[in-house]
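J.: Starting off with a structure, shown below.
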Amino acid sequence: MEGKEEDVRLGANKFSERQPIGTAAQGAADDKDYKEPPPAPLFEPGELKSWSFYRAGIAEFVATFLFLYITILTVMGVSKSTSKCATVGIQGIAWSFGGMIFALVYCTAGISGGHINPAVTFGLFLARKLSLTRALFYIIMQCLGAVCGAGVVKGFQQGLYMGNGGGANVVAPGYTKGDGLGAEIVGTFILVYTVFSATDAKRNARDSHVPILAPLPIGFAVFLVHLATIPITGTGINPARSLGAAIIYNRDHAWNDHWIFWVGPFIGAALAAIYHQVIIRAIPFKSRS
């Protein structure tokens with residue numbers, strides 16, 4: 001980093017890519033002038049000496065802490081009611097997850113990239129948008145934040161927390177493990193593909209409004225996936241969220257199918273990264289000058 005702090009832009013791409021406002025009307029000229037940024041190095045030792053590196057990790061910790069705190073608290077509020085009409089219901093839970101992602105991505109995008117999810121970090125790493133060093137640091141901080149967030153909820157209302165499943169992800173009765181795995185793969189694919197599309201460097205260079213609006217489609221994707229898959233798995237699509245709730249709840253059934261909420265999201269994230277980079281952007285097929 002050579003003594004300089006560099007904020008990580010949305011999508012964890014620190015390389016400058018913006019073109020002057022107004023170039024969208026130039027059409028094909030944009031494609032000719034635009035150059036792909038170089039991939040992030042696998043290891044970047046200089047990051048470990050930069051305050052911006054640790055600041056980004058702290059931002060991921062705090063964001064994931066707040067995410068788990070609000071969302072698990074919402075789940076507990078719905079679970080304790082005997083009547084669905086007296087609570088916000090599944091729609092309210094979905095809104096709490098999607099709304100928090102919208103708010104937290106907006107707040108942390110300029111600091112850490114606003115990942116708040118190991119699957120998002122993994123997908124961006126596969127696309128070489130950030131180094132392995134940063135990816136591992138983010139995932140550790142996300143998991144720690146999730147554990148702390150779920151722990152605070154349990155501390156507030158332990159009886160309710162332990163009596164209503166603690167917000168832990170499990171495959172619902174009537175569904176197989178394959179159903180749960182498939183729901184997690186597809187749900188995470190939708191989320192990570194939305195992240196790639198909303199933070200695409202080429203679109204950002206062409207359309208100045210894209211970076212500003214990016215948190216909105218990401219949060220909305222989380223909302224829609226939760227609406228669809230809460231009845232199946234409680235919706236993971238975020239290994240840190242699943243791990244934090246499972247550790248604090250710590251009952252056998254929370255761990256029985258826990259692997260699904262790591263394997264599924266990581267497969268979904270990998271497929272989204274491959275689809276965007278290879279099919280949509282065709283980066284491997286572009287001539288290198």
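Start at 1 and count along the chain as shown; that gives each residue its number.
Keep in mind that glycine also has a Cβ here, set from the backbone N, Cα and C atoms.
So Swiss-Prot says this about it:
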type: REGION; residues: 1-36; note: region 'Disordered'
type: TRANSMEM; residues: 58-78; note: transmembrane segment
type: TRANSMEM; residues: 93-115; note: transmembrane segment
type: TRANSMEM; residues: 136-156; note: transmembrane segment
type: TRANSMEM; residues: 178-198; note: transmembrane segment
type: TRANSMEM; residues: 212-232; note: transmembrane segment
type: TRANSMEM; residues: 260-280; note: transmembrane segment
J.: For the transmembrane segment (260-280), find every same-chain residue at least 6 residues outside the stretch whose CB is under 8 Å from a CB in it, and list them.
T.: 117-120, 122-124, 126-127, 169, 171, 177, 180-193, 195-197, 200, 233, 236-239, 242-243
J.: Which listed range (93-115, 136-156, 178-198, 212-232) shows the maximal number of Cβ pairs under 8 Å with respect to the transmembrane segment (58-78)?
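T.: Comparing 93-115, 136-156, 178-198, 212-232 against the transmembrane segment (58-78), the winner is 136-156.
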J.: What residues elsewhere in the chain lie close to the transmembrane segment (136-156), defined as a C-beta under 8 angstroms and at least 6 residues from its ends?
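T.: Here the qualifying positions are 53, 56-58, 60-69, 72-73, 76, 112, 115-118, 121-122, 130, 162, 166-167, 239-241, 243-245, 247-249.
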J.: Determine which residues of the chain contact the transmembrane segment (178-198) at the Cβ level, with the cut-off under 8 Å and only residues 6 or more beyond its ends counted.
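T.: For the transmembrane segment (178-198), the far contacts come to 11, 117, 119-120, 123-124, 127, 171, 210, 213-215, 217-218, 221-222, 224-225, 228-229, 232-233, 235-237, 257, 260-261, 263-269, 271-273, 275-277, 280.
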J.: What residues elsewhere in the chain lie close to the transmembrane segment (212-232), defined as a C-beta under 8 angstroms and at least 6 residues from its ends?
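T.: Same-chain contacts beyond the flanks: 10-11, 90-91, 93-95, 97-103, 105-106, 109, 114, 171-172, 175, 179-180, 183-184, 187, 190-191, 194-195, 197-199.
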